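A.B. asks: Under the heading GTP binding site, Swiss-Prot lists 11-17, 39-41, 304, 330-332, 412-414, citing sequence analysis as support. Annotated active site, proton acceptor per Swiss-Prot: 12, in sequence order, evidence recorded as sequence analysis. The IMP binding site annotation in Swiss-Prot covers 12, 13, 14, 15, 37, 38, 39, 40, 128, 142, 223, 238, 302 and rests on sequence analysis. As annotated by Swiss-Prot, Mg(2+) binding site applies to 12, 39, with the evidence given as sequence analysis. Feature annotation from Swiss-Prot assigns active site, proton donor to 40; the stated evidence is sequence analysis. Marked as substrate binding site by Swiss-Prot on the basis of sequence analysis: 298, 299, 300, 301, 302, 303, 304.
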């Protein structure tokens with residue numbers, strides 16, 4: 001069985017924990033888009049591990065970890081991550097494979113990203129400044145440097161020379177920044193070449209072999225669906241496609257080979273950086289939510305904006321991803337709230353709407369229409385049995401399923417992989433506890 005697991009909001013939904021939990025049954029985990037701008041936080045027996053590029057299956061012995069062609073790969077970031085894992089006694093290089101078609105993220109991408117955000121000032125998009133956008137620009141413009149280029153040093157030198165000259169024109173003459181030296185960039189890549197070279201290969205072919213052997217494969221998304229470059233809250237989005245279709249194009253695996261699509265969603269909503277957020281709470285409730293949820297970016301450390309669950313945006317996410325199941329995370333964050341609110345419609349320019357507008361100026365003006373439910377005000381932290389869940393919490397989950405039309409198959413009640421209620425087994429159709 002082949003399963004896509006992705007975020008349904010603006011990222012930070014807890015995908016890493018769920019992927020890690022499910023990898024006990026899989027042969028491989030694939031990253032198919034994004035870069036090192038988002039981190040997946042895993043907590044195993046109290047020990048925290050943050051992964052940025054390497055798939056979350058790396059913490060499971062014997063699981064093959066694949067970086068697909070849809071990822072933009074920073075060699076220094078990758079090597080740093082490998083070294084961090086090795087220091088914890090986790091071997092990486094024997095189980096990690098990088099698509100030869102994967103584009104590399106290089107110093108001029110980072111320089112451009114930072115220069116652009118600085119120029120925009122208060123109107124900045126709110127990127128992480130790690131060069132993701134410029135790297136994808138080079139890919140689309142067909143001037144990108146790919147992992148396979150590391151195998152041909154002479155050709156690589158010429159490509160680096162041309163690309164650096166091109167980007168230096170912008171850096172020096174438009175942004176008034178110091179130009180970069182192509183030879184330094186090339187020399188740095190040569191240092192990484194010998195370490196990365198054994199891991200470069202044909203990821204699409206590997207996936208095909210696993211499929212023919214009827215092995216289980218997980219395709220792990222980064223960021224969230226509302227950050228999709230085409231279908232998200234543009235222009236306040238990331239530079240890749242974060243929705244389910246990208247699992248195919250970003251890995252070289254045919255779309256008809258996917259069996260399920262699981263959407264990870266918090267029991268509330270968070271967002272980092274600028275952009276519309278209809279249910280955002282700027283009052284004490286929002287601060288309480290952020291504190292209880294420890295809502296700070298795992299890579300950037302930036303505080304996350306918090307708000308109530310948005311049924312309207314979630315329905316859009318279900319539609320664009322063809323979700324077959326939902327994983328509800330961080331339910332325990334709501335334990336102390338006397339009242340829980342669900343946004344069931346928007347009021348835009350005096351009109352009640354049930355679909356999120358793609359026009360961001362209109363979305364900015366939308367106000368949430370709430371349905372109020374009683375809170376449970378008792379701890380759900382660490383629960384593993386649905387029958388032990390407070391009645392009010394079960395009512396909240398049932399109401400979400402009713403409004404969304406998709407089953408909530410897994411509930412996360414804490415950060416550790418053990419803090420989980422499995423209502424429906426992922427790799428078969430057996431219902432273990434419906435409640």
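Every residue gets a Cβ built from N, Cα and C, even glycine.
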A.B. asks: Indicate the candidate from 11, 14, 39, 301, 303 with the smallest number of other Cβ atoms within 10 Å of its Cβ, considering only these binding-site residues.
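C.D. replies: Output over binding-site residues 11, 14, 39, 301, 303: least Cβ neighbours within 10 Å is 301.
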A.B. asks: Residue 37 (IMP binding site): which of the binding-site residues 11, 17, 413 is the nearest Cα neighbour?
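C.D. replies: Smallest Cα separation from residue 37 (IMP binding site) among 11, 17, 413: 11.
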A.B. asks: A 10 Å Cβ contact count, applied to the binding-site residues 223, 413: which residue has the minimum?
C.D. replies: 413
A.B. asks: Rounded to the nearest Å, what's the C-alpha distance separating residue 301 (substrate binding site) and residue 223 (IMP binding site)? Just drop the number here, would you?
C.D. replies: 15
A.B. asks: Write down the Cα-Cα distance for residue 304 (substrate binding site) and residue 39 (IMP binding site), rounded and given in Å.
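C.D. replies: So the Cα of residue 304 (substrate binding site) lies 14 Å away from that of residue 39 (IMP binding site).
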A.B. asks: Mind telling me which of the binding-site residues 37, 41, 128 has the densest Cβ neighbourhood, counting other Cβ atoms within 10 Å?
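C.D. replies: Within the set of binding-site residues, the most crowded position is 37.
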A.B. asks: When the Cα-Cα distance from residue 223 (IMP binding site) is computed for each of the recorded positions 17, 40, 41, 304, 413, which gives the smallest value?
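C.D. replies: So, of the listed recorded positions, the one sitting closest to residue 223 (IMP binding site) is 40.
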A.B. asks: I'm trying to understand the geometry here, so how far is the Cα atom of residue 413 (GTP binding site) from the Cα atom of residue 12 (active site, proton acceptor), in Å to the nearest whole number?
C.D. replies: 16
A.B. asks: Consider each pair of residues in 12, 13, 14, 15, 37, 38, 39, 40, 128, 142, 223, 238, 302, all listed by the record as binding IMP, and report the largest Cα separation in Å as a whole number.
C.D. replies: 34
A.B. asks: Which one of these recorded positions, 17, 40, 302, 304, has the sparsest Cβ neighbourhood, judged by other Cβ atoms within 10 angstroms?
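C.D. replies: Selected from the recorded positions 17, 40, 302, 304 on minimum Cβ neighbours within 10 Å: 302.
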A.B. asks: Compare the C-alpha of residue 11 (GTP binding site) with the C-alpha of each of the binding-site residues 128, 303, 304, and give the closest one.
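C.D. replies: Nearest by Cα distance to residue 11 (GTP binding site): 304.
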A.B. asks: Which has the fewest other Cβ atoms within 10 Å: 12, 331, the recorded positions listed?
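C.D. replies: Relative to the other recorded positions in 12, 331, 331 has the fewest Cβ atoms within 10 Å.
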